[in-house]
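Pasting a structure below so you can have a look.
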């Protein structure tokens, strides 16, 4: 009998008795969806979860040979764009590669110092990882290497475990092991198609975290700018500790380093301003750090400023990356520590890298496969950990220079890598007299771009809760620590997600004059409501997490309406509540029970519940649970307008609620 009724709901037009006794058929009918196979449903959910971007669409309707070729091109994109590579593209890539190499070398030295690692490891990290990415990566414009935020994060987390000064060799081993685990986590998430995990960090929290980290990084450079010895400078990263440490050791400030640092900092910032204002001068900001480093080194060497206590880089190991496989930690109590640090650093690195890749892909109109990028970054960092590199990702400053320099493919990364190789093989002795203060200036100038004031203002205008989340991440990094700031950023993102899920939006609906459209009365002030009929839209799926709230919210709408009617002289009591289920894309058992409880509570008040336009999956579950039969098939409508058209005249004529 139940199956017969369900079948009738989907095969005939619904008819309702009018007040005069005639039948008034509705033009449209609500169809029950065909019964779906649970296995088919599970496969569909898995596909939408793991393969939502239809990554393998290109393999459809292809021969085995073509699939093999496409598979090779999918794994190694270099075989795809390499078929169309031209000499003109090579020239542009070479120019871009040399340009970003001029920026990479001084930044690498500074970022290694930020991570409390030997300077040469920064250079190592711009040699092997870019080569790996150029073969496996799909972004044409991203420039690979060490970045400021990840370097600071590693430096902070690692130094909490091991002193980088007194236990330098063990510290390096832990850094390399953390990089290995970062790569394992990145590649693992990519293989398992779980790249969407980074979407749990909202844009607002990322903006706040990056801005806080930028200021923290800048303040950390006061040590080099003021020439304060590492032993006398705080290991904490919060702004209060750093400023206190800086001003407690004013007797150690060196006017030589302050002058050199500020002069070149001003020079680099000036070139960045000129490049921003006139795009054709982008190369100025690209070469300014290297020019500053060379001039500062010559100046220090000529005047022998190391004799005036100016701290210099000193001797750098000559030669390309040595193997570091034997230094990786796979046993002992530090394995867990390395894994935890690697997880945090790996997620931050991949979040920044994919965001940069997608930005330039959107500008040029090509697609970035997020999960494939996870794999590329992961393999890149695994290989890096075995060749004395620490965690690398896409650098925004270098990528912007790469893009403006006209890069066409990842060959620009290969050119940069080969340039760094030449530096490692032949030029490292030239950095002996490079003063630390110039590296501090280069880093200060580099992190300025991480403070996105325009994005912060937009967040303030659009969503005040997002703005509070941004401030939480910002102040967490600035006044507590980087790891606490990151924890606050993740926590706030989850809180917002939970609030959205557990407290979804609902709306009272009214008719837009001259149409059959029903919209939110708070948005459309001229929308008209029918007295005695309450039309409510539920703007979220109905789950265990929000079902009680939605039931109580509907009853609150009813109580508010009853209070208004009691104060009115011509208002009619509510006799019908219509739920617009259009946005309710799914419902679970708890949600169905909440609707049953609502229907029972309303029936006791002599109020009839009706629903309109339930989605396919929701309607199927409502029918399977028996709720449609319980409610009455005549109370399921295609649109709110149909429901009001039927219920409205009954209220106006004082008719009682129909029994099923």
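Every residue, even glycine, has its Cβ placed from backbone N, Cα and C.
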Can you say which of 142-159, 232-249, 304-321, 322-339 is given as transmembrane segment in TrEMBL?
142-159
Quick one: sort out which of 281-303, 350-372, 373-395 is the transmembrane segment according to TrEMBL.
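It is 281-303 that TrEMBL annotates as transmembrane segment.
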How does the domain 'STAS' (523-647) divide up by DSSP, counting helix, then strand, then coil residues?
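Once the DSSP states are binned, the domain 'STAS' (523-647) shows 62 helix, 21 strand, 42 coil.
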Most CB pairs under 8 Å with the transmembrane segment (253-274): which of 171-192, 438-460, 472-499?
438-460
For the transmembrane segment (281-303), which stretch among 171-192, 204-222, 438-460, 472-499 has the most Cβ pairs under 8 A?
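Answer, by Cβ pair count: 438-460.
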With an 8 Å cut-off on Cβ pairs and a sequence gap of 6 or more, do the transmembrane segment (413-431) and the transmembrane segment (472-499) reach 3 or more such pairs?
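Stretch pair does not touch.
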